[in-house]
Amino acid sequence: MSNLKRDVILGLVCGEVTSWFLIFIIKNPYIEELGALAKIENMVWLLLIAMPVIFSLGVIIGNLVAKLIKVISQVVKFLEVGILNTFIDLGILNLLVWQTGITSGGYLAPLNTVSFLCAATNSYYWNKFWTFKSGVGIRRKEFLQFLIISVIGWGINTGIVVLGTTYLAPAFVLSAGAWVNVVKLSATFISMVWNFIGYKFIVFKV
C-alpha cells in the first residue's frame, strides 16, 4: 500500500472518530447556544460524512505541499491527530458535564483528568505510528518520556480549565456549558504547542 493511500485511509478514520465525539458536544444540554443545532435530525449523518472527507482532503493537500516543504505533511498529520484528540477530550468532558451537571470550579479537575488521559493515550499511538512514524515497537523509556510530557501538558490544560471557569465570568453572555468549552479550547491550544515540541524533539526525536 502506498504511503499516500495509507495516509488517506487513516485520515478518513481520524475524521470519522472525530465526528462521533463532536456529537457529544452538540448534544450537551448545558450548551444552550447549540440547542437548535442539536435538534437538526440530519446533523449526525452530515458530520459522519463531512468530517472524514475534510480530514482526507487535508492529508492529500499536505502530501502535495510536502513535495516543496517536507515538514508540512508531518504538521498536517499532527494537526489532524490534534483535532481528533481535542474532540475526544472535549467529547468525553461534555459527556461527563452532561451527566454530572458540573460546569465550573475544582470539581471539574477530575472530569478534565479523565477526558485528558483518554485523549493522551489516543495521542501516543496516532503520533507514534502515523505522525512521526517511529517504526520501532513501544519502548518503556519512550513511553515514560511521553507520559512526562503529557502530564506537564495535563497540568497546563487542567490549570487553565479550573482557573478559567472559576475566576473568569463567561464572556459574551455565554452559557456555563459553552464557557467550559471556550476555556477548554484555549487550554488545549496552549498544551498542544507544548506537546508538539515535546513529542517531536524529546519523545520521538524526528
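The backbone N, Cα and C atoms fix where each Cβ goes, and this holds for glycine too.
The shown structure was predicted, so the numbers you read here are calculated from the model rather than taken from an experiment.
Residues or ranges marked as domain 'GtrA/DPMS transmembrane' by TrEMBL: 77-204.
According to TrEMBL, the feature transmembrane segment maps to 7-26 (among others).
If you look up TrEMBL, you'll see 46-66 (among others) marked as transmembrane segment.
Packing against the transmembrane segment (78-98) from elsewhere in the chain are residues 11, 14-15, 17-18, 20-25, 27-31, 55, 58-59, 111-112, 114-116, 118-120, 122-123, 126-127, 130-131, 177, 180-181, 184-185, 188, 192, 196: each is 6 or more residues past its ends and has a CB under 8 Å from a CB in it. The transmembrane segment annotation in TrEMBL covers 78-98 (among others).
Here TrEMBL flags 104-125 (among others) as transmembrane segment.
A Cβ distance under 8 Å defines the sequence-distant neighbours of the transmembrane segment (146-170), meaning residues of its chain 6+ beyond its ends; these are 103-106, 108-109, 112-113, 116-117, 120, 123-124, 176, 178-180, 183-184, 186-188, 190-192, 194-195, 198-199, 202-203. Residues or ranges marked as transmembrane segment in TrEMBL: 146-170 (among others).
The transmembrane segment annotation in TrEMBL covers 176-197 (among others). For the transmembrane segment (176-197), the list of distant contacts is 25, 28-34, 78, 82, 86, 89-90, 93-94, 97, 103-104, 108, 112, 123, 149-150, 152-154, 156-161, 164-165, 168, 170: same-chain residues at least six beyond its ends, Cβ to Cβ under 8 Å.
With helix defined as DSSP H, G or I and strand as E or B, the domain 'GtrA/DPMS transmembrane' (77-204) counts 107 helix, 0 strand, 21 coil.
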